[in-house]
Amino acid sequence: MSDSQIEYLNLTAELMSIRKRGDVPLAYVRTYGCQQNVADSERIKGMLRKAGYSFTENAEEADFILFNTCAVREHAEDRVFGNVGALKKLKHRHPQILIALCGCMMEQEHVAKRIHDSFPFVGLVFGTHCMHEFPELLYKSLVDGSRVFVRDNDDKKVYEGIPTCRDGKFKGWLPIMYGCDNFCTYCIVPYVRGRERSRQPEIIIAEAKEMIEQGYKDITLLGQNVNSYGKGLDPRPTFAQLIGEIDKIPGDYWLRFMTSHPKDCTHELIDTIAESEHISLHLHLPFQSGSDRVLKAMNRHYDRAKYLDIVNYAKARIPDVSLTSDVIVGFPGETYEDFQQTLSLIREVGFTSLFTFIFSPRNGTPAAKMDDPVSDEEKGKWFRELLAVQEEIAAERCASMVGRVEKVLVEEKAKKEGRLCGRTSGNIIVEFDGDDSLIGDFHNVRITQARNWILTGELA
Ligand code: SAM
Ligand code: SF4
Ligand code: F3S
């Protein structure tokens with residue numbers, strides 16, 4: 001982070017020490033969307049903390065309210081518009097608070113315009129490419145009270161040295177790259193996150209080391225397509241080399257990564273997982289559709305055969321591998337026969353779990369202009385059919401684990417009274433009885449029962 005941005009944080013701290021509503025200036029940060037956004041919010045919180053802010057879960061008492069938004073589907077955008085609208089009364093009651101919006105939605109011109117025209121109580125709007133200027137934007141909005149709108153400044157750089165305030169104490173996100181070059185025809189991400197750029201391997205390895213020393217037990221490397229990590233770096237390391245280097249850091253921890261794009265997923269990566277000490281036995285490999293015709297229309301650059309080749313290689317090299325995926329139902333022009341191909345792929349692979357989405361047209365993407373003759377009602381029926389198939393498969397997979405002893409990272413208290421909740425290396429949820437003091441560490445649990453996609457067990 002530049003010296004001038006650090007200076008703006010100091011100026012904000014001075015200003016807010018006078019203007020705060022309570023004992024300390026309070027910020028309320030709400031994050032929508034994927035882990036990339038969560039990681040961005042953690043950096044924004046890092047900057048806010050340096051500017052003297054503490055954090056609150058209650059927007060009502062905050063001096064600064066920030067929504068970090070997601071544009072991936074219409075539903076995600078609608079939620080943001082609804083929740084921003086609800087802040088109008090709050091701003092009316094406390095005119096001195098600053099309301100700000102950032103993230104993927106704000107990189108879209110029509111969204112920024114709608115916020116500008118219809119939500120006059122929003123004082124600051126900035127897109128994903130302007131995060132490194134946040135201290136300056138914040139200070140300027142606070143000082144002169146005029147509305148600040150900044151977006152679309154993709155200078156293809158990676159900014160380092162931004163402080164991070166992580167939400168978790170033992171599970172953490174570690175971005176290794178930003179943006180996306182793939183332009184899947186349905187997806188808004190390349191338009192709102194800009195071109196792909198990778199962080200230097202030494203910086204990533206040093207951050208991983210620091211997290212492990214701080215006690216992080218579960219570290220997820222983040223990128224829209226981690227398999228193409230290194231593009232533009234000289235010399236160019238492969239993702240397998242990067243993760244292999246991180247794996248050498250001593251300690252008791254799991255290393256995860258997401259997302260892997262099947263077109264760039266190599267046998268080298270799978271060999272690295274198989275031979276590693278810390279990389280979890282989990283591969284999140286979105287296939288999106290089981291039909292070659294639809295995959296081509298989606299611009300995914302792999303076919304069903306290539307996908308199954310990676311899956312079969314992974315199953316052969318990593319016997320306990322847990323596979324998860326993203327899938328879209330109702331892509332424009334998809335027929336019921338195409339959809340049946342998706343179901344047959346799901347059955348053939350045997351996924352532990354799936355993130356399932358109904359196609360949502362995104363303004364400015366090629367798929368939004370494609371003919372889409374299938375009704376929403378019909379797509380809904382297919383969607384429910386897919387969920388029923390996956391439920392059956394997940395239940396079978398979980399049932400096959402009964403009797404085994406699994407290493408589990410204990411994460412929190414389960415909703416059920418007295419129980420603890422954790423995850424296996426394959427990212428499967430396990431509930432068991434135990435003391436709160438076990439939270440945040442690894443423990444062995446004997447699996448005694450499977451309920452759909454959740455396992456129950458007892459301390460071994
Ligand atoms: N980069 C990752 C990849 O290529 O698999 C995925 C990133 S995207 C944020 C997460 C998921 O959202 C995608 O895998 C896709 O299934 C889904 N998605 C993206 N755009 C969508 C759209 N327009 N409609 C429905 N689902 C969408
Ligand atoms: Fe979107 Fe495709 Fe990039 Fe993933 S790889 S972020 S689905 S364009
Ligand atoms: Fe949403 Fe942006 Fe992630 S559009 S899914 S928050 S990259």
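The backbone N, Cα and C atoms fix where each Cβ goes, and this holds for glycine too.
Fair warning: this is a prediction, and the values are worked out from it, not measured in the lab.
The domain 'MTTase N-terminal' annotation in TrEMBL covers 25-143. Residues annotated as [4Fe-4S] cluster 1 binding site in TrEMBL: Cys34, Cys70, Cys104. Taken from TrEMBL, the feature domain 'Radical SAM core' covers 166-396. Per TrEMBL, the feature [4Fe-4S] cluster 2 binding site maps to Cys180, Cys184, Cys187. Taken from TrEMBL, the feature domain 'TRAM' applies to 399-460.
Mapped onto this structure are the features recorded in TrEMBL.
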residue : record                          : DSSP class
Cys34   : [4Fe-4S] cluster 1 binding site : coil
Cys70   : [4Fe-4S] cluster 1 binding site : coil
Cys104  : [4Fe-4S] cluster 1 binding site : helix
Cys180  : [4Fe-4S] cluster 2 binding site : coil
Cys187  : [4Fe-4S] cluster 2 binding site : coil
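The residues near the [4Fe-4S] cluster 2 site, meaning same-chain residues not in Cys180, Cys184, Cys187 whose C-beta sits within 8 angstroms of the mean position of the site's C-beta atoms, are Asn182, Phe183, Tyr186, Ile188, Val189, Pro190, Gln224, in sequence order. Cα separation, Cys180 ([4Fe-4S] cluster 2 binding site) to Cys70 ([4Fe-4S] cluster 1 binding site), rounded: 15 Å. Excluding Cys34, Cys70, Cys104, which define the [4Fe-4S] cluster 1 site, the same chain contributes Tyr32, Gly33, Gln36, Asn37, Thr69, Ala71, Val72, Ala76, Gly103, Met105, Val189, Val192 within 8 Å (Cβ to the Cβ centroid), listed in sequence order. With respect to their backbone Cα atoms, Cys34 ([4Fe-4S] cluster 1 binding site) and Cys187 ([4Fe-4S] cluster 2 binding site) stand 14 Å from each other. Residue counts for the domain 'TRAM' (399-460) under DSSP (helix as H, G, I; strand as E, B; rest coil) come to 4 helix, 36 strand, 22 coil. DSSP labels the residues of the domain 'MTTase N-terminal' (25-143) in these numbers: 67 helix, 23 strand, 29 coil. Spatially close to Cys187 ([4Fe-4S] cluster 2 binding site) yet at least six residues away along the chain are Val72, Cys180, Arg362, Thr365, judged by Cβ distances under 8 angstroms. Between the binding-site residues Cys34, Cys104, Cys104 has the most other Cβ atoms inside 10 Å of its own Cβ, all protein chains included. Sequence-distant neighbours of Cys184 ([4Fe-4S] cluster 2 binding site) (same chain, six or more apart, CB under 8 Å from its CB) are Gln288, Met298, Asn299, Arg300, listed in sequence order. Closeness to ligand 2 is met by Cys180, Cys184, these being the binding-site residues among Cys34, Cys70, Cys104, Cys180, Cys184 whose Cβ falls under 6 Å from the molecule. Counted within 10 Å of its Cβ, the other Cβ atoms near Cys180 ([4Fe-4S] cluster 2 binding site) come to 23, all protein chains included. Around Cys70 ([4Fe-4S] cluster 1 binding site), a 10 Å sphere centred on its CB holds 23 further CB atoms from the protein chains shown.
Proximity to ligand 3 at the level of Cβ atoms, with a cut-off under 6 angstroms, picks out none of the binding-site residues Cys180, Cys184, Cys187. Close contacts with ligand 1, defined as a Cβ under 6 Å from any of its atoms, occur at Cys34, Cys187 among the binding-site residues Cys34, Cys70, Cys104, Cys187. If you take every residue in the domain 'TRAM' (399-460) and average the pLDDT, you get 93.
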